[in-house]
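Q: Here you go, one structure.
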Amino acid sequence: MSDSTMDTQLALLVWGIAVCVTLAIVVPRWIGNNSKEPPSLGGSMLSNTYQYMTDMHGFLQRVASAQRSSKIIKFRLGPKKIYMVSGEKNIQAINRPSHSISPDVFFLEVMANVWGASKEEVGKFKQDQSGRSKNPVPGHDVKPGQPRLWHGQHRVYSEYLQRTDHANALSNKYFQLFSERLTKQPLGDWTELRLSHFFESDMAEAALVALMGPRIVELNPGFWPTMWEFARLAPRLMWGLPRWVNPKPWEIRELFHGMCRRYVDAAKREFDWNGPDVDAGWEPHYGSRMARELISWAEKNLSPETTAGMVATFIFGTNANSVPMSTWAMMELIADPELYHAVREECLAASTLDPATGERVFDTQKLLSMPLLQSVYIETLRLHVSINVTREVTQPISLDGHVLTPGSLIQAPSQIGQYSEVWGCDGHPASQFWAGRHLKHDSGRPEFTMAGRTASFFPFGGGPSICPGRVFAKQEILMTVAALVTRFEIELIEWTHPDGSKSDRPAQNDQSYIGAVGIPPDRDMKVRWKRLW
């Protein structure tokens, strides 16, 4: 047995003893039987905690099984009580603004563990109870001279990431950069490539440059391997084993934060805040107006180290969702040539030839409204996004006939998107991709519909903390698919392992990403393609 293995086992043993001692102290305080409390998940506290931290896929399977008899199941993550919630009415309830539950706890955990914010910085956000809206929550005005932190950050996202003109400018910049990469492919010749590798390089870099400019890659050799490793390990910073048991995620965090710090420092040195680019939609130092405004806000309220951590998390959040979702969508289309050509026809119908350049351009709004393309998009997210929407109970609240106690957490796994009772259709199990699942044909032509199931579909979270990048993400994914299916003939050669060796099965969800992010495929697809124009 190696020294490193013995060290790991010893660390796990010490960690287990520490947990048991803690439980011995606090368990007596929990004894008592409240009939209004929801039923408990089976298993011991220690086994549930360990499985939650190391095997989210298996843990959520147990939760799903338990929720067949109760929509709310409780368990303890160490000393913290957590309610796992499903059911349309319950999901709607936790996503409504409420004085009894707060979405802030998840963001504060991200700040502390993924951004690397200090206790003092996290404390300032905790103290700010004024909310995200323009007007402070009644009775929670901040003191004179103190910033409204939640509102300040929310305003940047609302103005520069979600407002139609800024969102369209950002997606158009991305499409320009991505198209430039596609035109470098040989015209009329068949070539081979691995699909996931293409998306993780060409698509990811086009999106990064559109958002953050080119300097972050130029300043940091080895940027992409480090970014993807950070994306893989970031969920473990939130819910995984302690740093002293598993230090690797924190080591990668520090390395990637350092890269982002170089980018932030260089932009601050080189950008002229009194020059003509101060209101530009895009310039090469910061990249997009959104990035410039967000970093400007952060530098007024956070340390340079935490600002870099915020940038790192934003980059991870952007690429670790849109890239695997685009990969999955294209894998499904390529594996089904009839579907591929049907989506192509829709995309061509949403495009025109530019008379000045002869280039094909897309009407973005028309493209986003195409029924089959929308159904493919929703079906992809339904199957391949896995997040646990998290809320903190701040006052006693009744939910589904149960009373949830203050200080506890509520989590709603998006795995409900795969429940047969919600999404299953004859001949089309909820566990399988079906492009027609979100279409109806009442008028004789296909129409997109969610059929009243929106409460069972929340890949971007919900309520006041819903993902601010969802507008850009949808445009980015659909424009990527449209560009590829209209420009290329693509044929499946074989499925491969990530190292390029042949696989005996198609891709499945990589279970190590369950619970916190868009899930990438665990296999790659080797294809041959030919550029048509």
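Quick reminder: no glycine exception, Cβ is built from N, Cα and C everywhere.
Values in this document were obtained by computation on a predicted structure and should not be read as measured data.
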Q: Would you mind telling me which one of Asn33, Asn301 Swiss-Prot calls N-linked glycosylation site?
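A: Out of Asn33, Asn301, Swiss-Prot attaches the N-linked glycosylation site annotation to Asn33.
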Q: C-alpha of Cys467 (heme binding site) to C-alpha of Asn388 (N-linked glycosylation site): distance in Å?
A: 13
Q: Report the same-chain neighbours of Asn388 (N-linked glycosylation site): residues 6+ apart in sequence with Cβ closer than 8 Å to its Cβ, ordered by sequence.
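A: When sequence neighbours closer than 6 are ignored, Asn388 (N-linked glycosylation site) has Gln411, Ala412, Pro413, Ser414, Gly515, Ala516 within Cβ distance under 8 Å.
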Q: Under the DSSP assignment, what numbers of helix, strand and coil residues are found in the region 'Disordered' (123-148)?
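A: Final tally across the stretch: 5 helix, 0 strand, 21 coil.
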